[in-house]
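Participant: First, the structure itself, so that you have it in front of you.
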Ligand SMILES: NCc1[nH]cc(CCC(=O)O)c1CC(=O)O
Ligand SMILES: [Zn+2]
Ligand SMILES: [Zn+2]
């Protein structure tokens, strides 16, 4: 055999195999998405997201305490209100007595070293279930949407969020949020993570069930990107960099690895997040249940592909399991 044919000499040992991947998963790369509801005592199973629950603020200590001990470094909060009055502009989103603001305060006091990010969107709080404010004809009214999103983000920052992460996909919101943070004195105290390339995916189904945020009519195709739209994704990433995003995100992850790689090239000096969304998590679990593969091996393979594509931060419902698996 020719000298140049032989590659296997370089990865015959577990240690030399590690040297072949530039970066591997570490605990600090994981951000855990959690659902906070407005019954303070809630601990309710989410059927389509095996192992995940909706939590009340009074359960956060017993739920997250053991995970923090195992090395959990960050969470991203999603509010799931049931008792509130939803309206056209998502008024409950930043209700000081609402689940998100209550949870931020609670977590800051319970776990001083835990990094608290907050998803910022209106769909969980609007009567119509869309992510922005609508015109009479049901289309997005962009100016008031952006203003409202920026207001909510600032109120999360004021409550103590280390990071605000707008997932609404309204044009111009990154600039507006950054401006609002700076003007209120939070520019240097709160990270702005943009869901920059967020695609209109069928992989959000379990999340929408968990969060009760499915749109009452229509879909999100006028503000989330078409799955084929590589060019739009690249433009959105570049725009969000110039508008002041501190972290760029791609979502979903596994079917969009090329976009992660594009983001790594377009924004090489920014942390790059990807969201292994609810449907991806459910798919990996379902395949394991069907005996297609071993859950742990497959879960690692998925996130390793994201890291290989360029991700430096991974939002994943597998976070609790990874904390165990990374220990072993
Ligand atoms: N703006 C709402 C939002 N924020 C995060 C997700 C999806 C997360 C997941 O599926 O895990 C969604 C769903 C959607 O856009 O409909
Ligand atoms: Zn939304
Ligand atoms: Zn959202």
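Just so it is clear, glycine is given a Cβ too, placed from its N, Cα and C backbone atoms.
Those TrEMBL annotations? Automatic predictions, nothing curated.
Keep in mind it's a predicted model, so treat the numbers as computed, not measured.
Below, the features straight out of TrEMBL:
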ACT_SITE  198  active site, schiff-base intermediate with substrate
ACT_SITE  251  active site, schiff-base intermediate with substrate
BINDING   121, 123, 131  Zn(2+) binding site
BINDING   208, 220  5-aminolevulinate 1 binding site
BINDING   278, 317  5-aminolevulinate 2 binding site
Participant: Check the DSSP secondary structure of residue 220 (5-aminolevulinate 1 binding site), expressed as helix, strand or coil.
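Facilitator: DSSP call for residue 220 (5-aminolevulinate 1 binding site): coil, neither helix nor strand.
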Participant: Using DSSP, would you call residue 317 (5-aminolevulinate 2 binding site) helix, strand or coil?
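Facilitator: Looking at the DSSP assignment, residue 317 (5-aminolevulinate 2 binding site) belongs to neither helix nor strand, so coil.
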Participant: Around ligand 3, within a Cβ distance of under 6 Å, which of the binding-site residues 131, 220, 278 show up?
Facilitator: none
Participant: Got a sec? Which of 121, 123, 208, 220, 278, the binding-site residues, have CB under 6 Å of any ligand 2 atom?
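Facilitator: Cβ < 6 Å from ligand 2, in sequence order: 121, 123.
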Participant: List the residues in the vicinity of the Zn(2+) site, defined as same-chain residues other than 121, 123, 131 with C-beta within 8 angstroms of the site's C-beta centre.
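Facilitator: Neighbours found: 90, 122, 124, 126, 130, 132, 167, 168, 213.
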Participant: Given the binding-site residues 131, 208, 220, which lie close to residue 278 (5-aminolevulinate 2 binding site), meaning Cα to Cα within 10 A?
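Facilitator: Candidates kept after distance check: 208.
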Participant: Where the distance is taken from Cα to Cα, which of the recorded positions 198, 208, 220, 251, 317 turns out closest to residue 131 (Zn(2+) binding site)?
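Facilitator: Its closest listed neighbour, by Cα, is 220.
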Participant: Can you tell which of 208, 220, 251 has the most other C-beta atoms within 10 Å, given these are the recorded positions?
Facilitator: 251
Participant: Could you check which of the recorded positions 121, 198, 251, 278, 317 have their CB within less than 6 A of ligand 1?
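Facilitator: Going through 121, 198, 251, 278, 317 in sequence order, those close to ligand 1 turn out to be 121, 278.
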Participant: With DSSP assignments reduced to helix, strand and coil, which class does residue 208 (5-aminolevulinate 1 binding site) get?
Facilitator: helix
Participant: What three-state class does DSSP give residue 121 (Zn(2+) binding site)?
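Facilitator: Coil, per DSSP.
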Participant: Which of the recorded positions listed here (123, 198, 208, 220) have a Cα atom within 10 Å of the Cα of residue 251 (active site, schiff-base intermediate with substrate)?
Facilitator: 198
Participant: What number of additional C-beta atoms lies within 10 angstroms of the C-beta atom of residue 317 (5-aminolevulinate 2 binding site)?
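Facilitator: A count of 26.
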Participant: By CA distance, which of the recorded positions (198, 208, 317) lies nearest to residue 123 (Zn(2+) binding site)?
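Facilitator: Of all the candidates listed, 208 is nearest in space.
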